[in-house]
Amino acid sequence: MRLLIMGAPGAGKGTQATAIAEHYSVPAISTGDMFRTNIKNGTELGKKVKAIMDAGDLVPDELTDAIVVDRLNQDDAANGFLLDGYPRNMHQVEALDAYLKEHGQRLDAVISLDVDPELLTQRLLKRAEIEGRTDDNEETIRNRMKVYSSQTEPLLEHYRSAGILVPVDGVGEIDEVRQRIFAALDSKN
């Protein structure tokens with residue numbers, strides 16, 4: 001199964017991605033995690049990405065596309081994957097579509113976690129406090145919401161018109177939301 005999980009920052013994508021990936025026996029591939037690993041390890045890519053993420057901006061498409069393609073080419077993604085944090089704009093949608101077409105593949109579904117923006121801000125501030133994430137301060141959160149709204153929300157319409165968007169209410173206990181996701185995906189396939 002080839003899946004995307006989308007939602008504004010703090011919607012619970014990362015929280016749900018691991019369980020969804022395990023359920024469908026595919027790797028969960030998070031661009032944010034890949035970037036944070038590079039930052040933590042002090043790689044050249046990590047240094048570039050840190051400055052961009054600290055400002056609340058999105059990493060340039062060329063960097064993101066290259067990292068995602070490299071990861072999708074690994075053996076464990078041959079029979080499916082769950083992408084979290086990619087694509088985030090139409091250029092990335094086109095890059096992913098081209099990759100899938102070139103490999104004779106298609107997306108099965110795009111999960112959209114829907115959560116009220118005010119609740120998202122509260123979640124992110126709490127997460128920043130618990131995890132010490134420097135990319136989650138109030139000003140950066142507001143900027144990330146704006147960037148998400150302007151660049152990523154139009155993708156939902158693209159996937160809706162392709163008939164593969166699966167909207168899911170992202171508010172509630174983690175297990176509740178997870179069961180909604182499984183039910184929505186199972187009814188789609």
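Using the three backbone atoms N, Cα and C, a Cβ is placed for every residue, glycine included.
ARG127 is the residue from ARG71, ARG88, ARG106, ARG127 that Swiss-Prot records in the ATP site together with GLY10, ALA11, GLY12, LYS13, GLY14, THR15, GLY172. All protein chains included, THR15 (ATP binding site) registers 16 other Cβ atoms within 10 Å of its own Cβ. When the record's ATP-binding residues GLY10, ALA11, GLY12, LYS13, GLY14, THR15, ARG127, GLY172 are compared pairwise by CA position, the greatest distance found is 16 Å.
For the region 'NMP' (30-59), the list of distant contacts is 13-14, 17, 67-68, 71, 83-86, 88-89, 134-135, 139-141, 143-144, 147, 151: same-chain residues at least six beyond its ends, Cβ to Cβ under 8 Å.
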